[in-house]
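Engineer: Pulled from TrEMBL, these are the listed features:
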type	residues	note
BINDING	62-66, 132-138, Asp167, Ala293, Gly355, His414, Asp487	(6S)-NADPHX binding site
BINDING	Asn63, Asp128, Ser170	K(+) binding site
BINDING	Lys453, Gly454, Glu455, Asp456, Thr457, Gly486	AMP binding site
DOMAIN	10-230	domain 'YjeF N-terminal'
DOMAIN	258-543	domain 'YjeF C-terminal'
Amino acid sequence: MTELLTSAQMRAIELAEIESGAVTGLQLMERAGRGAVETALAKWPELAKGRHRALILCGPGNNGGDGFVIARRLADRGWSVDVFLYGDGSGLPPDAKTNHDLWLEMGRVSPCAPETIRACERPDLFVDAVFGTGLTRPLPDMLNEVLDVRLMNVWSEAQSIRRLAVDCPSGLNLDTGMVPSDGETAPRVNSADLTVSFHSVKAGHKLALGPVLCGDVRTVDIGLTGPDAAERAMVGTAPDPDRARLAAPEFLHSDLPLRLWPGSMIAKLRGQGHKYDYGHAMVLAGGPGRGGAARMAARSALRSGAGLVTVLCPPDALTENACHLDAIMLRACGDPDAFRQIVDDRVSSLCLGPGMGVGEETRALVAAALAHRRGDRGWRDPAVVLDADALTSFADAPDALFALTHARTVLTPHEGEFARLFPDLAQSSRGQRSKIDVVRIAADRAGCVVLLKGEDTVIAQPGGGASVHSATGARAVPWLATAGAGDVLAGLIAGLAAPETAPDLFCVTEAAVWLHCEAARCFGPGLIAEDLPEMLPKVFSTLAR
Ligand SMILES: NC(=O)C1=CN([C@@H]2O[C@H](COP(=O)(O)OP(=O)(O)OC[C@H]3O[C@@H](n4cnc5c(N)ncnc54)[C@H](O)[C@@H]3O)[C@@H](O)[C@H]2O)[C@@H](O)CC1
Ligand SMILES: Nc1ncnc2c1ncn2[C@@H]1O[C@H](COP(=O)(O)OP(=O)(O)O)[C@@H](O)[C@H]1O
Ligand SMILES: [K+]
C-alpha cells in the first residue's frame, strides 16, 4: 500500500472489518503478531535458525496484545522469552487480555521495571510492543529508562541486539512523525532497527522523525479486505481527498513499472508532435549577477520536456544571460507591460522566483503571470510555478498573493518561505499538527497546489488531496541539500507541465519531486545543483523501458 493512513483511519478500517463479521479482533492480532515475527526472521535470517532469547515489553493496549502473540510464536520456535508488562494485566482490552492469558500458560509476565529488566539475560531480539497507534501523551519517565536496550548499559555488545518495533517505536506519534512533549522534559521516544506496520504505512512512518526512529519499515498484510481497506487512488491519478499517499511507483503492495509512473507523466517519452506541442516554458530571471538560479531552472525545464524554453530578464542582464545560454532563448523583460507583449498564448508554463529579487517589481511580474490567460490557442491556462523570491515578495501580504493564485498555480516553498506566507502553520507554530494537515490547509487557503520541501516533501491541493515524497532510507539524498537544488525543482515542474498533454498540476508535481530525487541519487555525493538537469536523461532512460 502506498496510502499513509492516520491512526483514526486505521482504527476505522479495522472496526468496519470486525463489524462486518469478516474477521475478529483476535484474528487480526494473531496475524499482526505472526507477521511481525515472520518479518523479523526474514530480515535477520541468523535468528531464523536455532534458539535465541527475546525480551518483549508489552503495553496496556492492543499493541501490547501483539507483543503477547509474538512471545507465544517465538516460544513455539524454542526461544527463551522474557515478557514485561507496562500497566496492569486486568485493564488490558479484551483481545490483548486473551493473548496475555494464553501467554501465561507458556511463561511469565513480569511488571515492567528497570531493575527486573536489567536482571534478564542478554536478549538477541528486543521487541517494543508498548504503544502503537494509541499513544496519546508523552512517554512516562520510567519507560524511557528501559525502552532503548542499547542505552541501558547492562548487556555486552548491546549494539548488536536487534530492535523490533511493533507498529512504531513507542513514543512516536503515528499521525505526525513527531514525539509528544510535556513541555518540561526533553521529548522521549524509542528507536528501532525494524518497524513492522500493519496493512499500510502510517503517516508518522514517513514524516518528520519517523524515518529516523523507525529504521527499516515493513508492512504486513493482515488480511483486511473490506471496501474501506482498499487502496483508493493510484499515484498519477487524482488523489483521494481523505487519504494521503506516497509519491512512489507502488500500488496495492506491488511495484508499478516505471513507464507507468512516473513515465506516463513525461510527454516526450511517448508523445508525437512538434516543439510547440510540448509547450513553451518561460522562466523569469533577476538582474545582473543574479541570473544563475533562473538559468538552472530553465535548463531543467528544457531537459524535462518543454519544447521551447525562454529566459526573460531585465534589459541590463541580457549580456550576462546571453553568455550562458544556447538552446534556451532569451528576451528582455523588466516590467509587466513588457511581459504582456512577450508572453503570447503559446506559452504554456511560467516559472517565477529563483533569483528574481524581493520587492515590488517581482510582485508586479507575479501578478502579471497569474493574470495571463491563453485565449483560444491553449485548452487551459499556463501553469505558474512560484518559488523563492516570488513567494518572499508577498511576505507582508500573503492574502494579496492568494487573491491572484489559481488552480494552475503551484507554490514550492521551503520551510522558511512557507513560514512567511503561512505564519500560523510554520514549523514553530505547528504544534502537534502533521505536515500533511498544514500543507492541506495552506493549499485550501492559497487555492492552488502547495509543495513544502524537505526530506519529507508534502504536496497538497485544495480539497484535501495530498502526497508525501520521502527521500529517506534507501532513497536518502543528503547531498541534495545544496544551493540551487530548489531552483532546479521549480524548473522541472514547469518543464513537465508545459506540454499540451501534461497531466494535471498535482500529478506533475508529484512526478517532478520523485525525478528530482532520482537525479540526485543517480549522481551521488558531490552533487551541485547544475548536475541535476544533466542527470535527467539518464533517469528518463530507465523509465522508457
Ligand atoms: N488497528 C488495527 O487494525 C490493528 C491494531 N493492532 C495493534 O493495536 C495497536 C493499537 O492498539 P490501541 O488502540 O489499544 O493502542 P496502543 O496499544 O498503542 O495504546 C493504547 C493504550 O496506551 C495508553 N496510553 C497512551 N499513551 C500513553 C502514555 N503516554 N503513557 C501511558 N499510557 C498511554 C492508552 O490509555 C491505552 O490504554 C496498533 O498499534 C497495533 O499494534 C494489531 O493488533 C492489528 C490490527
Ligand atoms: N537532506 C535532504 N534530503 C532530501 N532532499 C533534500 C534535502 N535537503 C534539501 N532537499 C531538497 O532540495 C531542494 C532544496 O530546495 P531549496 O531549499 O529551495 O534550495 P535553494 O533555494 O537553494 O534552491 C528541495 O527540493 C528539498 O526538498
Ligand atoms: K510499539
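Placed from the backbone N, Cα and C atoms, the Cβ positions cover glycine too.
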Engineer: Near Thr457 (AMP binding site), which of the binding-site residues Asn63, Thr136, Asp167 can be found within 10 Å, Cα to Cα?
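Structural biologist: Those close enough: none at all.
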Engineer: Would you kindly give the Cα-Cα distance separating Asp167 ((6S)-NADPHX binding site) and Asn63 (K(+) binding site), rounded to the nearest Å?
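Structural biologist: Asn63 (K(+) binding site) to Asp167 ((6S)-NADPHX binding site), Cα-Cα distance: 8 Å.
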Engineer: Enumerate in sequence order the binding-site residues Thr133, Thr136, Lys453, Glu455 whose Cβ-atom distance to ligand 1 is under 6 angstroms.
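Structural biologist: Those binding-site residues that pass the cut-off, since their Cβ is under 6 Å from ligand 1, are Thr133, Thr136.
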Engineer: Other than its own, how many Cβ atoms are within 10 Å of the Cβ belonging to Asp128 (K(+) binding site)?
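Structural biologist: Taking every protein chain into account, the count is 31.
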Engineer: Please check the binding-site residues Gly65, His414, Glu455, Thr457, Gly486 against ligand 3 and give me the ones with CB under 6 A, sequence order.
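Structural biologist: So the answer is none.
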Engineer: Which whole-number value in Å describes the distance between the Cα atoms of Asp167 ((6S)-NADPHX binding site) and Gly454 (AMP binding site)?
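Structural biologist: Per the Cα atoms, Asp167 ((6S)-NADPHX binding site) and Gly454 (AMP binding site) stand 24 Å apart.
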Engineer: Return one of helix, strand or coil for Asp128 (K(+) binding site), based on DSSP.
Structural biologist: strand
Engineer: Where ligand 2 binds, which of the binding-site residues Asn63, Ser170, Asp456 are close by, with Cβ under 6 Å?
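Structural biologist: Checking each Cβ against ligand 2, none of them comes under 6 Å.
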Engineer: Nearest to His414 ((6S)-NADPHX binding site) in three-dimensional space, by Cα, is which of the binding-site residues Asp128, Lys453, Gly454, Asp456, Gly486?
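Structural biologist: When the Cα distances are compared, Lys453 comes out closest.
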Engineer: Excluding Asn63, Asp128, Ser170 themselves, which residues in that chain have a Cβ inside 8 Å of the centre of the Cβ atoms defining the K(+) site?
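Structural biologist: What remains near the Cβ centre is Leu57, Gly59, Gly64, Gly67, Ala129, Val130, Phe131, Gly132, Leu147, Ala165, Val166, Asp167, Cys168, Pro169, Asn190.
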Engineer: Suppose we draw a 10 Å sphere around the Cβ of Thr133 ((6S)-NADPHX binding site). How many other Cβ atoms does it contain, all chains included?
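Structural biologist: Looking across every protein chain shown, the total is 24.
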Engineer: Cβ within 8 Å of the AMP site centroid (Lys453, Gly454, Glu455, Asp456, Thr457, Gly486 excluded): which residues?
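Structural biologist: Once Lys453, Gly454, Glu455, Asp456, Thr457, Gly486 are set aside, the remaining close residues are His414, Leu452, Val458, His469, Ala471.
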